[in-house]
Amino acid sequence: MFAGFLVGNILFGTLSDAFGRFKMFCAANALSIFSGLIKIYSPNIIVFLIIYIIEGFGIAGTYLILFTILQECVTQNYRTRLNYLMHGTYGLGAMLLAGVAYVFPKWQHLLYATIIPHILIFILALKFLPESPRWLLNKGKFTEAEKSFEKIAKTNKKNAEIAVKLIQKLQTERKSKLQAEVDENMKLGSKKIHKTYTAIDLLKKPRRAMISVNIWFNWLVNSMIYFGVTLNSVDMSGNRYINFLVMSAVEIPANILGCITFKWFGHRKPLCFFMVFGGINCIVSNFVPKGNFWFPLILAVLGKLGATASYDGVYLTTAEIFPTAVRNGGIGAASSFARFGGIISAPILGLSVYGSWIPLSIFGVFGIVAGLLVLLLPETKDACLLQTLEDMDNL
């Protein structure tokens, strides 16, 4: 599935920047639901794995686009809370999965138990989830932006009159600007006014490239530690269902702690702290005496807490640094690096045959290095979301 995530994040990230968040959200959901249902009737393991990868395309696009829509629909006062609330539900879902897997040990029944709620939630999303007003405004779709604001206002029982007036003002300003661009392009013999950007554009200028590579490396390391620690917990002594439940439950306090620290201490310092904290816990766990059950579990839980808080925090930081013109493409590329980190976490755990200390030491060192590199990123707390690549160049 991680292979599907890797491709799906880039694919749906780029497409949603070009054709709209909501359209691609619907396409990604339909793909994941349809492939999930077909997967249940796979005749052999090869077909199962192929459909599993295709399902990964849809799941990656669904999560990525939903996150972006929500972040683009709120002001800076709500972004941090919304970010950690959304990721907290991921932890809640993982906790429920442990119980559902215990009740439905047969994999076909387990898939039905997870797909049916997905279908119901998707139906609700079709009714209540709007297209991103920021994306519509960025693309010059002012009439549709008005409808999107009116839908949001109606759901929240508010008046959209002020927002509509601001949109009309922006429309007038944009028309004047576009007319000037048309006149200039006619002189130059060019007809193209609007340009669609991709993640490649994030590498075309030195400052932009350094920020982007730093962010993408952090995603890779966060995912590597997050999934490495989670997979390692299943192999620990004790009941694997309980171990997984405990490691999933820690995501709830991790998100609460992340929300509080991001609100009071900015975004860079807490992100650095959580990554370094998680890395140190991974290294220290190598020195726990053999035969002890509780100390390794406690250190694993603390490592997962740090990895969760930093992983969820880097989502928010990335959305705030990448501009609307290429936000989903940038986050999609970042998430693809994360999937690569998740893929290599399993073989790294396999290095334990050469020494039990090797896997967690690798996770720990990379966590500390990535955490310190976070301090080189610009602080984005309370900042408005960027609109253009030029805004990013000026950070």
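Glycine residues also receive a Cβ, built from the backbone N, Cα and C atoms like all the rest.
Annotations in TrEMBL come from automatic prediction, not curation.
The following features are taken from TrEMBL:
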DOMAIN    1-382  domain 'Major facilitator superfamily (MFS) profile'
TRANSMEM  46-70  transmembrane segment
TRANSMEM  82-104  transmembrane segment
TRANSMEM  110-129  transmembrane segment
TRANSMEM  209-229  transmembrane segment
TRANSMEM  241-264  transmembrane segment
TRANSMEM  271-288  transmembrane segment
TRANSMEM  294-317  transmembrane segment
TRANSMEM  329-351  transmembrane segment
TRANSMEM  357-377  transmembrane segment
Over the domain 'Major facilitator superfamily (MFS) profile' (1-382), work out the mean pLDDT and round it to an integer.
83
Run the contact check on the transmembrane segment (82-104) against the transmembrane segment (329-351): 3 or more C-beta pairs under 8 Å, excluding pairs closer than 6 in sequence.
no
Where else in the chain does the transmembrane segment (294-317) make close Cβ contacts, counting only residues six or more beyond its ends and a cut-off under 8 Å?
67, 71, 79-80, 83-84, 87, 91, 215, 218-219, 222-223, 225-226, 229-230, 232-233, 236, 238, 243, 246-247, 250-251, 253-255, 257-258, 261-262, 267-268, 270-271, 274-279, 281-282, 284-285, 288, 331, 334, 363, 367, 371, 377, 380
Residues of the same chain, at least six outside the transmembrane segment (46-70), with any C-beta under 8 angstroms of its C-beta?
1-9, 11-13, 16, 21-22, 24-25, 27-36, 38-39, 82-83, 86, 125, 129-132, 315, 319, 327-328, 331-332, 335, 339
Using Cβ atoms and a strict cutoff of less than 8 Å, what residues sit near the transmembrane segment (329-351) while being 6 or more residues removed from its termini?
2-3, 5-7, 9-14, 17, 60, 64, 67-68, 197-199, 202, 212, 215-217, 219-228, 231-232, 235, 314-315, 318-319, 322, 358-359, 362-363
Listed stretch, out of 241-264, 271-288, 357-377, that has the most CB pairs under 8 angstroms to the transmembrane segment (209-229):
357-377
